[in-house]
Amino acid sequence: MASTKATSKTYTLNTGAKIPAIGLGTWQSKPHEVEKAVEIALRKGYRHIDTALAYGNEEEVGRGIKNSGVPREEIWLTTKLDNPWHKRVQEGIDSSLKSLGTDYVDLYLIHWPSSTDPSDLKKHHPDWDYIKTWQEMQKLPATGKVRNIGVSNFGITHLEKLLNDPSCKIVPAVNQIEIHPNNPSPKLVEYNTSKGIHSTGYSCLGSTNSPLYSNETLLALAKAKGKTPQQVLLAWGIQKGWSVIPKSVNKERIETNFELDGWNLTEEELKKLDSMPERFKVCGDAWLPIKVFFGDDE
């Protein structure tokens, strides 16, 4: 297997746009840390930054982009529509653009298939669902404010309902989902691919107190390769065919995570990671057995 150039690799979406294989995730990054993390990442060579209205850090992301000196047109910028904004898609993107300090985003996602009532966050709108939200999302590319639209945290059942609805004229370009060896989601990834939907993996390094970093298979493989466990996890995802958005605010880790060129995992090494039997999914700062969530959808 030839060595990879992961840092310059892109995946072509169903729109023809090219999304970078690796980007910087900003979920759970603490306030006043994101701005510097984005600047560090872009100066290192990252060209994809992922954020969301719900993260509360879009302004910091925008400042980090500006501080980096990297031209806006060289950066792939992703953000997401928050659940309580499902009835206000145009307002949602305008809010994000203002916070980010940009005229457009490269990718705008429905963050969750959950149309939450903003007056009571424990309830859903009785007269609205993500199908209607997608109808509004489909209007955005024509405005120039959004270049590609997609979804996040959609399972197979959600996607089938959406794609089979007569109002669905644009197939989502991306489905951003949690993917790592403890939650490989093979059925969902295969379904995405079969419909021309690119998969982006978040929590690709695990999260707080991740059981991944006590996994002997991963640790042994990383040691044998002379790489960090994080680098191995990122290489696994990119070689499996999806983009990855590792989160960090630590300069050394941000830079090390990007050092993926000139080496590859072998087919045997990929299979070792594929065969890890443990199944967990991130839930805030905790990890729960995967059956608690989507069952066979994953």
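Glycine is no exception: its Cβ is also placed from the backbone N, Cα and C atoms.
TrEMBL annotations: computationally assigned, not manually curated.
Database features, via TrEMBL:
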DOMAIN    22-276  domain 'NADP-dependent oxidoreductase'
ACT_SITE  Tyr55  active site, proton donor
SITE      Lys80  site 'Lowers pKa of active site Tyr'
BINDING   His111  substrate binding site
Could you tell me which of these recorded positions, Tyr55, Lys80, His111, has the greatest number of Cβ atoms within 10 Å of its own Cβ?
Lys80
Tyr55 (active site, proton donor) to Lys80 (site 'Lowers pKa of active site Tyr') - Cα separation in whole Å:
9
